[in-house]
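Novice: Just dropping this structure here.
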Amino acid sequence: MSPRHPLLITSIHLQSPPLCLCRSSVFTCAATAAVTTMSLSSSTSISSISSIWNGSHTGKLGMIHLQVQLSLPNNKQQRTIICSATANRSASVIEQGTILSDSGLSRIGSLSQVSGVLGCQWGDEGKGKLVDILAEHFDIVARCQGGANAGHTIYNAEGKKFALHLVPSGILNEETICVIGNGVVVHLPGFFKEIDSLESNGVSCQGRILVSDRAHLLFDFHQIVDGLREAELAKSFIGTTRRGIGPCYSSKVIRNGIRVSDLRHMDTFPQKLDLLLSDAASRFRDFNYGPDMLREEVERYKRFAERLEPFIADTVHYMNDAIGQKQKILVEGGQATMLDIDFGTYPFVTSSSPSAGGICTGLGIAPKVVGDLIGVVKSYTTRVGSGPFPTEILGKGGDLLRFAGQEFGTTTGRPRRCGWLDIVALKYCCQINGFSSLNLTKLDVLSDLPEIQLGISYKQIDGTPIQSFPSDLRVLEQIKASGGANAGHTIYNAEGKKFALHLVPSGILNEETICVIGNGVVVHLPGFFKEIDSLESNGVSCQGRILVSDRAHLLFDFHQIVDGLREAELAKSFIGTTRRGIGPCYSSKVIRNGIRVSDLRHMDTFPQKLDLLLSDAASRFRDFNYGPDMLREEVERYKRFAERLEPFIADTVHYMNDAIGQKQKILVEGGQATMLDIDFGTYPFVTSSSPSAGGICTGLGIAPKVVGDLIGVVKSYTTRVGSGPFPTEILGKGGDLLRFAGQEFGTTTGRPRRCGWLDIVALKYCCQINGFSSLNLTKLDVLSDLPEIQLGISYKQIDGTPIQSFPSDLRVLEQIKASVEYETMPGWLSDISSIRNYSELPKAARNYVERIGELTGVPIHYIGVGPGRDALIYK
């Protein structure tokens, strides 16, 4: 598509006719981004801007409204116009410095029960101001991702400025409860500094701020490590805020992180902190760690623990309970979509998921409850630090925008780079998040410019149009669902041939199906090709039927070695990892030195990136022997892999959203399970990814609003592999009976699975987080020889006190095994493996199925009665 002719607009009025935008498929782009120029003078309507989105760019994704927010000349207040297709030109002033059109006022009141405000660029768009305005219409304002690297500046009615980094911007509205969710990493010294600043200025915080007991603690040493790592990179530095976010998320996915709930157990806290500090000292020679540091930090955190206790809450339970009570919830995004760990300009990104999927993974709520999402975008584009910036204005033009808009980072104070509004990136953000409306900020900053440009398309250097926002950093520089091979699925073809798959989706046996491996998956190429060879040798065609995301991260053999070395270090405190390298690979990803599939297309820089990874491992583990020969051999090996993988590589974010637009039906196959989720599982005995429903969005790049029916798969009893609490476990002969009857040995590891009764408490918790529309109860036939079957229906504390929700605290989980309340049901003592009609099941079997549905509140539509593909009853 060729660049459009310049569009002339003669003026913008505050009370002009409404602006409507049409969200279409992502624009094509140019070697220096193609732009549309607008001349501003003194007398026409803002509605003319809409032609940039309409006209030849009209698409099939529907209309979205635009909200316009403008800075006052003194840059201390904000004015907002909210426009819609039927807006009246008149405006109503609802608070100092804020103007809302009449229809805008009614739209705020009609925002959905769970709404969100997310950034559309590289941060600093003005999200906090909009949240501050909207907060009085909501009962709860919640933060779900990031940490003190995301700064929001807001003002009270007297014009007093507050720079917030952790506390949600809704705090100025005294009727609002503010929640800091499980996805946030919390730096307690900074948190208490914000509390003190707010309370010294008359803002009450006690009883109004809840901090998730599942949130991870960010320590001062994480910030030191962040700086040391950045210094190591020299000229290749990422441009981190040095607030410790990456190292803290790395601790989390490596599963030696410390959570807020750990502050309640000061007897084990020193041991956990010593492990973290020793880990840092082993990796960085310039990090000086000794007994005095540990002793001082422990004493400091004892004081913090006492002060934090009134703020600590099970926010997953609180949020879902609030949803059940019809309370209105506003989610405040941190950072922005173009800094998302998966969808941003990697590695120049943050270490979390500030796109829409992060709302679900960061708060423990189901995609189906997420409603209106407002994207906040400046009238021009800015970013802090390094990274590609296609529409950047260099020299005096950039300086003019910078000083007119006071573009200096809230968190770092660094000058922001400035450029024209990048429509390509903006439409990409709209696609991933599914925005219902946009908030356009700082329109007044452009007031002194005779011409304004919009970057509307990209092209390769050779002029070839680019169909979507590129994941490939090299391409951008030239322009100017989750898990890995630790999740095994066993399936059978029509002839009964068994296939054990770890990376290839199970739909591969259906020859009409396209199989997609999304950006959230970590891909071990030797294992991937082994699966391909096995499938094709058994007559299953794979060519042209499997797409591997160019944004997916590569899992190398050394990640598996490091996984084993780390587990060996833990000795008796080991986690029980599969040693498939999943944790170390995700750690590389969030530290932002990971290697993505797209990097295989640039073998000139691949050796340097791999050397950085291998050197990092060698610095940390003395038993990891690394030298030039290993690097040379791995590079040659991956050159061959790159050539073989090329036909499979695709921009799966674009592919999936395009398929949704074409009304194709998509089935997402989860890896691992909710109780192994990095946030919601029994941490640290979990996987390193997000296999709950929110991971669908973060792992594929699709909006929560497009996620429909979710089927939860649950065995008729409970199993787990490896260490970790298991409240309903059956020890001894009873467990052995289930293990051998159900052939409970891990697909990936071959390890015997621990077995127990079906845990209804855990199952209801999973149903709540994911929002299942139905359940698939599997392996009902395994229970056929049991005269009695038990269901674990509730937990109690040792003193008999009922526990209202699934505990996040590992200590509590370990103590309740003897306090599980069971309901006993009669068995059916007959073979049911040949039954295919629900009504033909024995009455006792039907009663068991119905009781599970009653206790969970979710219907059971599918019942597995054997290993074959046809051994399924539809209810």
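Residue numbers in this text run from 1 along the chain shown.
Placed from the backbone N, Cα and C atoms, the Cβ positions cover glycine too.
From TrEMBL, here are the annotated features:
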ACT_SITE  Asp124  active site, proton acceptor
ACT_SITE  His152  active site, proton donor
ACT_SITE  Lys252  active site
ACT_SITE  His489  active site, proton donor
ACT_SITE  Lys589  active site
BINDING   123-129, 151-153, Arg416, 442-444, 488-490, Arg753, 779-781, 864-866  GTP binding site
BINDING   Asp124, Gly151, Gly488  Mg(2+) binding site
BINDING   124-127, 149-152, Thr241, Arg255, Gln335, Thr350, Arg414, 486-489, Thr578, Arg592, Gln672, Thr687, Arg751  IMP binding site
BINDING   Thr410, Thr411, Thr412, Gly413, Arg414, Pro415, Arg416, Thr747, Thr748, Thr749, Gly750, Arg751, Pro752, Arg753  substrate binding site
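For the listed features, I'd like the structural context: burial, neighbours, distances.
Specialist: DSSP assigns Asp124 (active site, proton acceptor) to coil, not to a helix or a strand.
All protein chains considered, the CB of His152 (active site, proton donor) has 26 other CB atoms within 10 Å.
Less than 8 angstroms from the CB of Lys252 (active site) sit Val185, His216, Val590, Ile678, each of them six or more residues away in the same chain.
Same-chain residues at least 6 positions away in sequence with a Cβ under 8 Å from that of Lys589 (active site) are, in sequence order, Val253, Ile341, Val522, His553.
Gly123 (GTP binding site) counts 28 other C-beta atoms within 10 Å of its own C-beta, drawing on all protein chains shown.
All protein chains shown were included, and the count of other CB atoms within 10 Å of the CB of Asp124 (active site, proton acceptor) stands at 26.
Taking all protein chains in view, 29 other C-beta atoms sit within 10 angstroms of the C-beta of Lys127 (IMP binding site).
Here the Cβ of Gly750 (substrate binding site) has 9 other Cβ atoms within 10 Å, regardless of which shown protein chain they belong to. Under the DSSP three-state reduction, Gly750 (substrate binding site) is assigned to coil, being neither helix nor strand.
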Novice: For Thr153 (GTP binding site), which of these binding-site residues sit within 10 Å, Cα to Cα: Lys127, Arg255, Arg592?
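Specialist: Near Thr153 (GTP binding site) by Cα: Lys127.
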Novice: Around Gly126 (GTP binding site), which of the listed recorded positions (His152, Arg255, Arg416, Arg592, Gly750, Arg751) come within 10 Å, judging by Cα atoms?
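Specialist: Passing the 10 Å Cα cut: His152.
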Novice: Please identify, from the binding-site residues Lys129, Arg255, Arg414, Lys779, the residue with the sparsest Cβ neighbourhood, meaning fewest other Cβ atoms within 10 angstroms.
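Specialist: Each of the binding-site residues Lys129, Arg255, Arg414, Lys779 was scored; lowest Cβ tally within 10 Å is Arg414.
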Novice: Considering only the recorded positions Gly151, His152, Arg255, Arg416, Arg592, which fall within 10 Å of Asp124 (active site, proton acceptor) when distances are taken between Cα atoms?
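Specialist: Neighbours among recorded positions, in sequence order: Gly151, His152, Arg416.
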Novice: Near Arg416 (substrate binding site), how many other Cβ atoms are within 10 Å of its Cβ?
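Specialist: Its Cβ shell of radius 10 Å holds 23 other Cβ atoms.
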Novice: Would you count the other CB atoms within 10 A of the CB of Arg751 (IMP binding site), including those on all shown protein chains?
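Specialist: The Cβ of Arg751 (IMP binding site) has 13 Cβ neighbours within 10 Å.
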Novice: At a 10 Å cut-off from the C-beta of Gly151 (Mg(2+) binding site), count the other C-beta atoms across all protein chains.
Specialist: 21
Novice: Using a 10 Å cut-off, grab the number of neighbouring Cβ atoms around the Cβ of Gly126 (GTP binding site), all chains included.
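Specialist: Looking across every protein chain shown, the total is 23.
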